[in-house]
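Presented below is the structure to which this report refers.
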Amino acid sequence: MPHSHPTNTSLLELHLTGIPGLQHLHRWISIPFCIMYLITLAGNSILLCMIKADPSLHLPMFLFLSMLAVIDLVMSTSITPKMLGIFWFHSTAISLDACLTQMYFVHAFSVMESGVLVAMAFDRYVAICNPLRYLSILTSPIVAVIGLATLLRAVVFMSPLTFQVRHLPLCSPAVVDHSYCEHMAVLKLACGDAAFSNTYSLSVSTYVGSFDSLLIALSYALILRAVLNLSSLEARKKTFSTCGSHLCVMALFYIPGLLSMYMEKYHQDLPPHVQVLLADIYLLIPPAFNPLIYGIRTKQICDGARRVISR
């Protein structure tokens, strides 16, 4: 049974509805969400342990993969436990400070993940197109600088967003029609003018999504051009398979995220649960698939796992 919305909640406390219109299916929806979260925890944790334990995996590619695993763990953990609490126990209440913290982590780590995906695409380009200069181009200091740059970009872009929301007056009923504290869903509670915050959010999301996906597409286009010049048919098939799986996971990250944001803004006639489910898919599926696609399908990771187990 859907639970009723509170009408006199203190503005220091908000209520998340979960998936609007599908509250009667929350327990069923929680099953795949819980499974994906467990896969995310197990897959990324094992991946980090393998990379740390095997010195042969201390290469730029796997350092970027470690960054991605940490980001996925933090991003998933920032929303999924609370989401499952809503689905299982109707624990909808969340303090305003906790909500803003969750919002910051979700959006900042999404920007960081996008930056790391660009770095990984560049890493693959250098490894395939300039293999003899790979270690001289992607030295440890360069990898550290790239990681720091992705962190600083996320902080610079997302800090003003959270600051703006924190200083907006919010009106009762303090009900967020979402399964987590998504920026635009929280902005609907604003009593004051939220036009600047809306515009800023859309601009940053469009810039990050468009610019980063363009760089990734360019990197893989150059990779494919180089692969087509290979004489070995087996090498071509292997590279096409690897690049195809990488691009599919990246598409699952970028497309649902941008779609959910633009539909929230411009297509408000669509059922709310469609927008919320798209936003959830964007945050839950890539972290579960990344260790499988980038880890298990990578020969060096499998070989490293065998060496660690044999030791």
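Please read every residue number as a count from 1 along the shown chain.
Every residue, even glycine, has its Cβ placed from backbone N, Cα and C.
Sequence annotations record features per position, and here TrEMBL assigns transmembrane segment to 28-50, 62-84, 104-122, 134-156, 207-228, 240-262, 274-296. Residues or ranges marked as domain 'G-protein coupled receptors family 1 profile' by TrEMBL: 43-294.
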Task: Integer average pLDDT (0 to 100) for the domain 'G-protein coupled receptors family 1 profile' (43-294) - done: 87
TODO: Verify whether three or more Cβ pairs under 8 angstroms connect the transmembrane segment (62-84) with the transmembrane segment (274-296), leaving out any pair fewer than 6 apart in sequence.
DONE: yes
Open item on the list: With pairs fewer than 6 apart in sequence excluded, do the transmembrane segment (104-122) and the transmembrane segment (207-228) have three or more C-beta pairs that lie under 8 Å?
Closed with: yes
Open item on the list: With Cβ-Cβ distances below 8 Å as the criterion, list the same-chain residues six or more beyond the ends of the transmembrane segment (104-122) that contact it, or say none.
Closed with: 61, 64-65, 67-68, 71-72, 74-75, 78-79, 146-147, 149-151, 153-155, 157-159, 161-162, 180-183, 204, 208-209, 212, 215-216, 219-220, 246, 250, 253-254, 257, 283, 286, 294
Task: Cβ-Cβ under 8 Å with the transmembrane segment (134-156): same-chain residues at least 6 beyond its ends - done: 59-60, 63-64, 67, 108-109, 111-112, 115-116, 119, 123, 126-127
